[in-house]
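Undergrad: Per Swiss-Prot, the feature active site, proton donor maps to His123; the stated evidence is similarity to another entry. Sequence annotations record features per position, and here Swiss-Prot assigns Mn(2+) 1 binding site to Asp62, His64, Asp90. Residues or ranges marked as Mn(2+) 2 binding site in Swiss-Prot: Asp90, Asn122, His172, His247. Residues annotated as compositional bias 'Basic and acidic residues' in Swiss-Prot: 298-315. Swiss-Prot lists 294-315 with the feature region 'Disordered'.
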Amino acid sequence: MASLNKLSSNDIGNIDRQIAKLKQGQILTESEIKSLCIKAKEILSDEPNIIQVRAPLTICGDIHGQFHDLIELFQIGGNLPDTNYLFLGDYVDRGSQSVETFSLMLSLKVRYKDRIVLLRGNHENREINKVYGFYDECFRKYGNEIVWKQFTEVFGYLPLSAIVEQQIFCAHGGLSPAMESVDQIKQLNRVQDIPHEGLMCDLLWSDPEETKNGWGISPRGAGWTWGCDITEKFLHSNKLKQIARAHQLVMEGIQKVHNQKTITIFSAPNYCYRCGNQACIVEVDEQLRMNQTQFEPAPRENEPHTTRRVPDYFL
């Protein structure tokens, strides 16, 4: 019997047309999005909370609705299915094309489900994206909240973490005082809005602290900060070598702290069209060597392009 997730030739043709349509700058219809979300939920519901990922692959950080820069990212990193991708979350909000961005991400997931992993970020949550742009954008482009509701249902099915070759732990935010073993992530019910505290919250909200050891109160109001000693203990007890995460704007697109064992990757250049930062993607080869590629914003019209420094902590 054929797998429920196996695409028919007709499905493949439809998805390929949708991908081409999106790349041409058109949005999908409501009915196309409804069908896409149904297929995506079927695929994602088969994935565990922690995805075991093989190298080679390319790890990418926040995208935040910067659709032109996502297209540029694929130009630089290589198109699917020739390149395997792991995205660390935050596909929506802030940027002006979150609808196109997440439509493309889901279309690629449905088309090449074994070639792309989409983790959940803290913005893949109703409470956040109703305020920071995604809800308003959906309403503006479709005239109702139906599409927003369909997309936000999918968010609950996105996995929470990944481990590359049993050595690199990946999550959107980071560590939690509630987690000694990564196996605890397996027990979570992820199909829900992100709680305000606890392990699931912390995985998507926490940040590394460069200068202090131990756990600290996060200035974000959710999650924690964690020091180098916490990283060392976590890696040792779970037989891991590194942590890769996103969640924080870093001006060069990548930042390594905690003796280079905690890596922050940010893939939205000139964040919010004003921050002046570079973006970065990180290729991991079969020997787990990392090759970072930094890039500037894709050329586009009618968007401000100014440079200014912003605080380290940006929701």
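Going from the start of the chain as shown, residues are counted 1 onward.
Placement of Cβ uses the backbone N, Cα and C atoms for every residue, glycine included.
The model shown is predicted, which means the values in this text are computed figures rather than measured ones.
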Undergrad: So around the Mn(2+) 2 site, Asp90, Asn122, His172, His247 aside, which residues have their CB within 8 A of the centroid of those CB atoms?
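TA: Going along the sequence, the neighbours come out as Asp62, Leu88, Gly89, Gly121, His123, Gly173, Leu204, Trp205, Ala246.
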Undergrad: Taking the centroid of the Cβ atoms of Asp62, His64, Asp90 (Mn(2+) 1 site), which other same-chain residues have Cβ within 8 Å of it?
TA: Gly61, Ile63, Gly65, Gly89, Tyr91, Val92, Asp93, Arg94, Gly121, His123, Ala246, Phe266, Ser267, Ala268
Undergrad: Report, in whole Å, the straight Cα-to-Cα distance of His123 (active site, proton donor) from Asp90 (Mn(2+) 1 binding site).
TA: 5
Undergrad: Per DSSP, to which secondary structure element type does Asp62 (Mn(2+) 1 binding site) belong, with helix, strand and coil as the options?
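TA: DSSP call for Asp62 (Mn(2+) 1 binding site): strand.
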Undergrad: What Cα-Cα separation, expressed in whole Å, is found between His172 (Mn(2+) 2 binding site) and Asp62 (Mn(2+) 1 binding site)?
TA: 9
Undergrad: Rounded to an integer, what is the Cα-Cα distance in Å between His247 (Mn(2+) 2 binding site) and Asp62 (Mn(2+) 1 binding site)?
TA: 7
Undergrad: Report the member of His64, His172 (the binding-site residues) whose C-beta atom has the most other C-beta atoms within 10 angstroms.
TA: His64
Undergrad: Just how many other Cβ atoms lie inside 10 Å of the Cβ on His247 (Mn(2+) 2 binding site)?
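TA: So the number of other Cβ atoms within 10 Å of His247 (Mn(2+) 2 binding site) is 30.
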Undergrad: If I take the alpha carbons of Asp62 (Mn(2+) 1 binding site) and His123 (active site, proton donor), what is the distance between them in whole Å?
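TA: Computed Cα spacing between Asp62 (Mn(2+) 1 binding site) and His123 (active site, proton donor) is 10 Å.
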